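As written in TrEMBL, here are the features:
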- 109-549: domain 'TRAP C4-dicarboxylate transport system permease DctM subunit' (DOMAIN)
- 7-26: transmembrane segment (TRANSMEM)
- 69-86: transmembrane segment (TRANSMEM)
- 98-114: transmembrane segment (TRANSMEM)
- 162-184: transmembrane segment (TRANSMEM)
- 216-236: transmembrane segment (TRANSMEM)
- 399-417: transmembrane segment (TRANSMEM)
- 423-452: transmembrane segment (TRANSMEM)
- 459-481: transmembrane segment (TRANSMEM)
- 487-510: transmembrane segment (TRANSMEM)
- 522-542: transmembrane segment (TRANSMEM)
- 548-573: transmembrane segment (TRANSMEM)
- 604-623: transmembrane segment (TRANSMEM)
Amino acid sequence: MTTARLVNVLGFLMVAAAILWALSVQRMLGFNFFGGQYLYFLMALATVVIFFTHPFLRSRPRLSRFIDVPLALIGAGAMITTIVMFPELIDQANFRDYGPLGLSLAAITILVLIEGMRRTAGPALTIIVVGALLIAIFAQYLPSPLTGRPFRPESFLYKMAYMDGNILGAPLSIVGAVVIAFIFMGSMLQATGGGEFFSDLAAALMGRSRGGSAKIAVTASGFFGAISGSAVSNVVSTGMVTIPLMKKAGYKAQVAGAIEAVASTGGQLVPPVMGAAAFLMAVTTQTDYSVIVVASLIPAFLYYLALFLQIDLMAGRDGIKGIEGKDLPSASEALRQGWVFILPFVVLIFGLFFLAWRPEYAALASTAAMFLALVVFGYRGARPGLAQIVQAFRDTAEASVGIIFIAAAAGIVIGALNDSGVLFAITGAILAIGDSSLPLLLILAAILCIILGMGMPTVGVYALLSTLVAAPLVELGVNLISAHLFVLYFGMMSMITPPVAVASFAAAAISRTGAMRTGWSAVQLGWAAYVIPFVFVVNPALIMDGSVIEIVIAIARATIGVWLVSACIIGYLNHPLSAPLRLSYLALGILLLVPGLVLPGGLWAGGGLTLAAGLAVLSYEFLIARRKDLDFV
């Protein structure tokens with residue numbers, strides 16, 4: 001058997017195991033496995049796949065085989081042995097009866113996970129994990145107030161490898177139970193033609209308007225980003241089509257790449273899936289899933305509103321026209337042919353909100369409904385078969401292996417800081433800063449989230465930051481959901497913020513322009529994501545926490561504020577804006593984004609006056625546009 005075929009077989013087994021586990025088939029058949037045994041099975045398969053497809057030395061893959069094969073066999077062998085001995089190892093951990101075999105298996109597992117993560121996620125995250133382990137080892141020698149507990153290697157290894165809250169913590173559990181199911185749903189959509197359908201629908205609805213090519217990119221990329229769980233993979237898959245289309249329409253190369261990066265990254269923030277972070281957030285905050293979804297709606301709307309407005313105003317400023325009608329598909333024809341691709345989202349939302357299905361079951365039921373509808377009705381005269389199923393399995397496995405390792409790595413970091421007691425010291429230091437200045441704490445927390453979030457998939461980003469940053473914010477009195485959305489937003493912004501900016505750099509490679517130029521263009525286009533989290537922390541009405549009138553006023557003020565700030569950034573609002581006018585719009589936009597409650601006069605006086613001023617400005621600009629027969633948006 002060739003290496004490629006072995007990798008495909010192992011990837012198929014990994015995805016099949018995740019599907020069977022999500023459907024609780026093992027319980028139906030009378031087998032009672034520990035969740036840890038299932039997670040170790042996933043890690044064992046992922047280990048072989050990673051070590052066979054990511055050479056130790058990428059420049060010398062043949063030489064690396066002499067390292068890769070033994071490491072893969074040792075790592076997978078240790079994990080399989082752990083599966084067999086798991087009940088015994090759990091008893092040893094509970095009764096502190098540590099054995100040499102258990103210690104050896106734990107050490108091998110940790111080392112293999114670190115090396116596998118280095119190959120998939122790169123050096124940055126590896127340094128964080130190794131740093132967390134070193135902190136745990138030398139915690140008792142750290143200066144006050146970071147001094148931790150003495151290091152006990154036997155206890156540490158057993159806890160890290162076999163107990164909940166460490167490698168087998170919430171991040172890896174959510175990946176194994178939920179994330180793979182949603183990745184499979186997205187892969188099946190792509191394999192059966194869903195990507196073409198949604199691109200056609202976006203083109204039909206928005207292609208004729210100015211900047212139509214960019215609006216198509218934002219719609220398609222945002223949609224697939226919501227279920228992919230990885231901004232980078234979404235940039236690579238959709239950007240191959242959308243970026244050349246935008247460049248052809250007249251957008252600069254770095255701007256085209258930035259639009260794709262911002263749209264794909266924002267998809268991770270769009271409910272109901274949010275790159276599967278919504279489900280982990282519900283578990284972490286012990287909040288109903290529907291509350292997370294509702295709270296995420298307005299911030300996600302404002303994020304994409306800012307992006308749409310900027311690309312529209314940029315198109316008006318630079319004379320970028322829409323796509324000719326003859327080159328666009330018909331919306332009615334696209335819906336007639338591809339309505340089956342809307343079906344899974346109807347089933348998903350109905351199952352989650354009205355039938356209280358588990359997320360993974362809802363994802364698989366939605367996939368099955370779509371596939372059966374395609375078999376019966378087809379799409380563009382074709383019906384899916386074995387080839388599409390195999391492709392979906394292959395794509396799911398390829399996207400999942402790296403996420404498995406990163407989720408396990410997040411568990412190592414959380415477990416190491418927790419076990420050493422340093423996490424409590426860090427929390428105390430953060431609380432001390434917050435007692436003196438909450439705005440300063442929020443700024444430092446945002447910077448920390450961007451640094452720690454670098455390059456990780458959504459679930460890994462949130463898992464790490466919810467423990468390190470969100471918990472102290474909640475202790476200081478920040479709204480629970482606001483705090484957790486805050487860290488998710490800034491963790492995801494690491495995808496577009498230089499110097500890491502992995503999504504921006506992936507887009508730059510496709511648009512064939514400078515990586516840093518694309519990254520800074522993405523920061524400009526994604527400005528709302530750096531501002532809105534501060535707003536909903538201070539004003540929870542933006543996450544639907546407040547009275548109806550407070551929520552309505554907050555949404556109206558934020559919407560107009562985003563509009564005016566976007567116009568200032570682009571320097572255009574149906575006509576070129578002079579410098580004084582841009583500064584005026586910026587000032588008014590900022591006042592509108594600042595919660596009305598903190599303005600002089602409170603919600604009704606200060607908030608109402610600024611809202612009236614914002615409405616007056618937009619009404620005036622709208623009348624000018626009507627008089628001159630110009631596009632307003």
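Cβ from N, Cα, C; glycine included.
Below 8 angstroms of C-beta separation, residues 11, 14-15, 18, 42-43, 46, 49-50, 110, 113-114, 116-117, 120-121, 125, 128-129, 132-133, 135-136, 159-160, 165-172, 174-176, 179-180, 183, 187, 228-230, 233, 423, 426, 456-457, 459-460, 463-464, 467-468 of the same chain, each at least six residues beyond the ends of the transmembrane segment (399-417), sit close to that stretch. Taking residue pairs at least 6 apart in sequence, the transmembrane segment (459-481) and the transmembrane segment (423-452) share three or more C-beta contacts under 8 angstroms. When Cβ distances are compared across the two stretches, the transmembrane segment (522-542) makes no contact with the transmembrane segment (162-184), since fewer than 3 pairs at least 6 residues apart fall below 8 angstroms. Across 69-86, 216-236, 459-481, 487-510, the stretch most heavily in contact with the transmembrane segment (162-184), judged by Cβ pairs under 8 Å, is 459-481.
Listed as Cβ neighbours of the transmembrane segment (216-236) (distance under 8 Å, sequence separation of 6 or more from its ends, same chain) are residues 179, 182-183, 185-186, 189-190, 195, 198-199, 202-203, 205-207, 242-243, 245-246, 256, 259-261, 263-268, 270, 273-276, 304, 307-308, 311, 399, 403, 455, 457-459, 492, 495, 502-503, 506-507, 510. The transmembrane segment (459-481) makes contact with the transmembrane segment (487-510), as judged by at least three Cβ pairs under 8 Å among residues 6 or more apart in sequence.
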